[in-house]
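K.L.:
Once you've had a glance at the structure underneath, I'll fire off some questions.
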Amino acid sequence: MGSSAVAAIEMTAASSWWDDVNASAVWQDRIFHALAALYGVVAAVAVVQLVRIQLRVPEFGWTTQKVFHFLNFLVNGVRCLVFVFRRDIQKLSPEIVQHILLDMPSLAFFTTYALLVLFWAEIYYQARAVSTDGLRPSFFTINGVVYAVQIAMWLILWWKPIPVVVILSKMFFAGVSLFAALGFLLYGGRLFLMLQRFPVESKGRRKKLQEVGYVTTICFLCFLVRCIMMCFDAFDQAADLDVLDHPILNFIYYLLVEILPSSLVLFILRKLPPKRGITQYHPIR
């Protein structure tokens with residue numbers, strides 16, 4: 001038997017295995033429950049870290065670091081519940097409810113990591129003695145526009161389900177993900193280059209440099225992969241993430257764009273703030 005024939009048989013077997021798992025209700029439930037368990041673990045880690053930070057610096061109120069961990073807990077906790085009840089969610093009517101439950105955590109994920117970009121931008125501009133007064137209004141404005149556009153698309157789908165609006169919704173979120181990826185590249189890159197210029201003997205320079213470099217790379221790739229996948233999802237039914245019979249694709253997608261990045265970032269940013277004497281842990285206003 002020739003090598004091409006062997007390769008064809010192996011590809012057929014792999015395809016058959018993939019199709020069998022996708023078509024199996026038992027495997028669908030197992031994979032979705034595995035995702036729920038992973039999200040639950042990440043949510044637990046985030047809330048434990050939030051409690052540790054609160055016990056360490058209760059006098060600072062809701063700092064950027066605390067809000068970041070709280071949003072991580074919220075996003076991963078909601079995702080956990082969604083995948084626990086994934087089969088029931090697929091039966092909900094009207095269909096727009098399904099879109100909201102599946103897409104809202106993605107929007108909250110964007111907000112969570114946009115907050116990290118904001119934090120880095122503030123550090124960067126403060127170090128260069130540039131005013132940061134416009135950063136927080138810009139952050140809230142950008143998030144407000146993103147949520148408003150997405151809600152408008154949901155309302156249109158509720159009023160009259162139009163396939164082109166579903167495609168536009170997915171492409172919109174692909175654009176939002178690309179915007180987030182570029183935000184990390186811009187401000188993470190700027191902060192990384194600025195830290196590189198600090199004297200070698202600067203206390204904590206090496207660790208902070210690694211922290212910024214790792215988180216920038218992870219988050220840039222995470223949002224870039226999400227952007228690419230949402231483009232495929234919009235135009236290729238075989239890449240549809242909002243159906244029950246694509247559990248393997250769901251597992252790979254959510255593992256790469258949410259679970260793994262969140263876990264790595266929470267691990268890298270695990271260091272607790274000092275009890276007093278640092279000005280960058282200020283309340284969200």
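Numbering starts at 1 and runs along the chain as displayed.
Using the three backbone atoms N, Cα and C, a Cβ is placed for every residue, glycine included.
Note: TrEMBL annotation is automatic and uncurated.
Pulled the feature table from TrEMBL, pasting it below:
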DOMAIN    14-285  domain 'THH1/TOM1/TOM3'
TRANSMEM  31-55  transmembrane segment
TRANSMEM  67-86  transmembrane segment
TRANSMEM  106-125  transmembrane segment
TRANSMEM  137-159  transmembrane segment
TRANSMEM  171-193  transmembrane segment
TRANSMEM  214-235  transmembrane segment
TRANSMEM  251-269  transmembrane segment
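Help me picture where these features are in the structure shown.
P.N.:
Taken as a whole, the domain 'THH1/TOM1/TOM3' (14-285) shows an average pLDDT of 88 in this prediction.
When Cβ-Cβ distances below 8 Å are used as the criterion, the transmembrane segment (31-55) is approached by residues 21, 63, 65-66, 69-70, 72-73, 76-77, 79-84, 86-87, 247-248, 250-251, 254-255, 258-259, 262-263, 266, 270, 272-273 of the same chain, each at least six residues removed from its ends.
Among residues of the same chain six or more beyond the transmembrane segment (137-159), those with a C-beta under 8 A of the stretch's C-beta atoms are 94-96, 99-100, 103, 107, 110-111, 114-115, 118, 165-166, 168-169, 172-173, 176.
With a threshold of 8 Å between CB atoms, the same-chain residues lying at least 6 positions outside the transmembrane segment (171-193) that come near it are 103, 106-107, 110, 113-114, 117, 120-121, 123-124, 146, 149-150, 153, 209, 212-213, 215-216, 219-224, 226-228, 230-231, 234.
Long-range Cβ contacts of the transmembrane segment (214-235) within its own chain (Cβ-Cβ under 8 Å, at least 6 residues beyond either end) map to 113, 116, 166-167, 170-171, 173-175, 177-178, 180-181, 184-185, 188-189, 191-192, 241-242, 253, 256-258, 260-261, 264-265, 268-269.
Here the transmembrane segment (251-269) has Cβ contacts under 8 Å with residues 31, 34-35, 38-39, 42, 45-46, 49, 65, 68-69, 72, 75-76, 79, 109, 116, 211, 214-215, 218-219, 221-223, 225-226, 229, 241 of the same chain, all six or more residues outside its ends.
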